[in-house]
């Protein structure tokens, strides 16, 4: 055997130019510079999102309005002013005014009042006729959710009926937005998780087209889903129809918001991570063997060593930045403990992506046709235990962060079952438990295969022959388990996409008010209403939130029976603000049971339902029932 050696002259470096091994090819330098430029651009957008972060309680809620809901004015107001509990984004139709006939009137454009981003105003016509007017408002909160509402005021005297208000003009728009979010979630899972599986856990699979197709499909779905959300957000925020998705004005308004910055950064990061994956899979796989070294390149190539360090670093930074494009513009930006919610949500999303994307890449190879899966399964042998360990770590992260985020966004047991968000979360938990059950079976298969592989590689030792196992049956079981995990994983992604568009249970849930106060002892006890002496008044208010509410009023005598009275009138009084009392119409539902079916609460806070109860033709008593509107 002849061994060729390089001849190096002692005492000189002329024979081996030092710059040659360290030089990076011009094409590689160009790609590296492009990646750096694009990555810096994406980083700037993400940093911009951080700089705009401001504490917020939850979805924006109307705290105060002028005029007040239900207020009767002697003369037309000059403007409508709305103050929210957090900064909001305004659109072209943020504030609308409808006259008593339901016709929309031309008013001034919605704008920030006195430069305050939590207060909106719009000027009104000076020649408003007498009657009841409806103000409809629609804004975007800091967590990118569209919040809308309406209230009425009257000039001179109230009209017989108030005009109805349509808040959502096209129900297709939120459905398309949810589909775009689901596509983006699936895409980020396939791109990040599939890329991790092919490039790191299964190096021999860099030459396998199936694994690469999974990753490229993920990048395509991520870009497409992001583009859909970007285009649909404008019509969704402005209450327009789907045919306005390409309106330049709406698109420009979206790009000027926090969500617009996040979506733009996400598209840039798709390019960055796509280039990184292209470079990573362009290297020869370990199965192909090392390239033959020439007479000069006998040692390790410094450029290759740098790429082994730089590529994973750029990929990791890009993956984290990618998750931030969600967490800096969603539920993590509202509520308490934002400083902890942002990293927890990012970890939750990243763990989900690595698990589901890697699982799909594994499924594509394991579930291949019988003629193709033999060699693929053999080459997958080293990757199976690695992915099993990664999946276990991901599940631990998902469980830990999910528990915290559930507590933060739900808060109480009542909210868990009493809100759409809580019920969706319970459904997601049930699906995840099903995934865990299937994953445990797959993990046992991987552990058995790994032990068998190690035993085959170890020196032979005399042992009793083991009972033969059917490898085909075990493989079929693995395929069923992986296929089931993939299907349930897609269900989890779909539920997550809907959850992102749903108000958190902590903010949307308000326990119904059920208060009982004693009937005043000074009230008359003579006549047919004497049974009220020693009795009580029970009031139930649902949902005890800003907007329309229903109040059930029960007059209960000392013997527990309902006692009717000639008449009850009501008013809503604010206990923490100096606003006029709002009249409440009370009607009799049955003897002793009265209902205020259209009681409108203008904003959250401390309120009292004042009841003026006429107990005889000449006597009347007043009762106040305090409650909190959430």
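Using N, Cα and C of the backbone, Cβ positions are placed for all residues, glycine too.
Between the stretches 153-175, 383-405, 452-474, TrEMBL puts its transmembrane segment entry on 383-405. Looking up the ranges 9-29, 30-50 in TrEMBL, the one annotated as transmembrane segment turns out to be 30-50.
In TrEMBL, the annotation transmembrane segment applies to 349-371, one of the ranges 349-371, 510-532, 533-555. Between the stretches 286-305, 486-505, 566-585, 586-605, TrEMBL puts its transmembrane segment entry on 486-505. Per-class residue totals from DSSP over the domain 'CopC' (59-155), listed helix then strand then coil: 0 helix, 51 strand, 46 coil. Ranked by Cβ pairs under 8 Å to the transmembrane segment (259-281), the stretches 182-202, 309-329, 383-405, 425-446 are led by 309-329. Here the transmembrane segment (383-405) touches the transmembrane segment (182-202). Their Cβ atoms form 3 or more pairs under 8 Å, with each pair 6 or more residues apart. Each of 182-202, 425-446, 486-505 was scored by its Cβ pairs under 8 Å to the transmembrane segment (309-329), and the highest score goes to 182-202. Residues 58-59, 145, 174, 177-179, 181-182, 185-186, 189, 330-331, 334-335, 352, 355-356, 359-360, 363, 409-411, 415-416, 418-422, 424-425, 427-428, 431-432, 434-435, 438 of the same chain lie 6 or more positions beyond the ends of the transmembrane segment (486-505) yet place their CB under 8 Å from a CB of it. The average pLDDT computed for the domain 'CopC' (59-155) is 87.
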